[in-house]
Amino acid sequence: MEVTDNEEPILNKVENTVALQSMLFKLQRWQWWLLVAINIFFLVAGQSAAVLLGRFYYDQGGNSKWIATVIQTAGFPILFIPLFLLPSDKEPLASYTSSPSVRTLTSIYLVLGVIIAGDNYLYSLGLSYLSASTYSLICASQLAFNAVFSYFINSQKFTALILNSVIILSFSSALIAVNDDSGGPSGVSKWKYFLGFLATLGASAVYSLLLSLMQLSFQKVIQKETFSVVLEMQIFTSLVATCVSVAGLFASGEWKSLHGEMQSFGKGSVSYVLTLVWTAVTWQVCSVGVVGLIFVVSSLFSNVISTVALAVSPVAAVIVFHDKMNGVKIIAMLLAVWGFASYTYQNYLDDSKLRKAQSNVTETRNNSVC
């Protein structure tokens, strides 16, 4: 969001932004806020429910890391519904843009899809060895990683507020890592707990890398960011990720134990199937909120709300699973809120600068016409 010398002219950015959000400008202010609120609800509710259902799966005897990975993307066909209901985009955002070739798009979807599959496996591994509340607090480090990757990949400059956010969120995750009473699932050794911590931390880093790579793909290759294009990105990368995850399921041999796992599931085989189905659905509800916020506001705002949702999961885990909420965990949560607030305020300042720059460009164009 920051204007630098090596970026495209601000006038072109303004024209692209106007074209991109032409439909949103037709909405009244209260309708826009309602749309934002609905997407925030989808993201927060979907992510929180998916994390809790994932923890429930492991608590009731589920043990397959790969099936937990598969269901994170297997519900992508649901996204075809909004995709088909949306009007097709007839015009590019600007006359000088050209659509990328099928080969280029396929390469992007394949690379991102494989990374998503690996990232989902790390998340599944982490959740199997950590309590839902601990897992969610460690995931809060994704904002810190996002700042680092945005600096190197998207040319975002560090500021005092962003640096403060990186340090505070790092401390928040470190507190959880060294806390022996973090409340891991019963029967989990300290080594597995530490492995779960590293897997979740790595998954947060990879997730932040994915956001930066997607943003780079939109800016440098696809060069337009309509809701249809965002949905297509989600659908096709999820298709690739699901295929890779299914291949991993069969290559690992875990598929042989799925029938026995279903029969021995603590709440019964019907509950086992429903848990997997609803986990897949809730992850897609979350993804609809993610892509909705990308379309209505920005990808950065979507990531910020995703981090906010992480603060909801520990509270819900305490209520649903009776996870321990000790002093160290409370301090870690407060630090995560502090880091989130610093990051959010910095993006508020960036947005204010951009709006002022756009206003100046508009005034200049009006004066030149007169």
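Cβ coordinates come from backbone N, Cα and C, glycine included.
Bear in mind that the values here come from a model prediction, so they are computed numbers and not experimental data.
Among the features that TrEMBL reports, transmembrane segment is placed at 30-54 (among others). Through the fold, the transmembrane segment (30-54) approaches residues 24, 68, 72, 124, 127, 132, 135-136, 275, 278-279, 282-290, 292-293, 296-297, 302, 305-306, 308-310, 312-313, 316-317, 320-321 of its own chain, all at least 6 residues removed from its boundaries and within a Cβ separation under 8 Å.
According to TrEMBL, the transmembrane segment annotation covers 66-86 (among others).
According to TrEMBL, the feature transmembrane segment maps to 106-123 (among others).
Positions annotated as transmembrane segment by TrEMBL: 135-153 (among others).
What TrEMBL lists as transmembrane segment is 159-179 (among others).
The transmembrane segment annotation in TrEMBL covers 191-213 (among others).
Look at TrEMBL and you will find 233-251 (among others) tagged as transmembrane segment.
Feature annotation from TrEMBL assigns transmembrane segment to 272-295 (among others).
As annotated by TrEMBL, transmembrane segment applies to 301-321 (among others). Sequence-distant contacts of the transmembrane segment (301-321) (same chain, six or more residues past either end, CB-CB distance under 8 Å): 40, 43-44, 47-48, 51-52, 55-56, 59, 131-137, 139-140, 142-143, 146, 208, 211, 289-291, 293-294, 329, 333, 336-337, 340, 343-344, 347.
Residues or ranges marked as transmembrane segment in TrEMBL: 328-345 (among others).
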Please identify the stretch among 66-86, 106-123, 191-213, 233-251 with the greatest number of Cβ pairs below 8 Å relative to the transmembrane segment (272-295).
66-86
Quick tally over 66-86, 106-123, 135-153, 233-251 of CB pairs under 8 Å to the transmembrane segment (191-213) gives the top stretch as 135-153
Under an 8 Å Cβ to Cβ limit, what residues of the same chain, 6 or more beyond the ends of the transmembrane segment (66-86), are close to it?
50, 54, 57-58, 116-117, 120-121, 123-124, 127-128, 227-228, 231-232, 234-235, 238-239, 241-242, 245-246, 248-249, 252, 254, 258, 276, 279-281, 283-284, 287-288
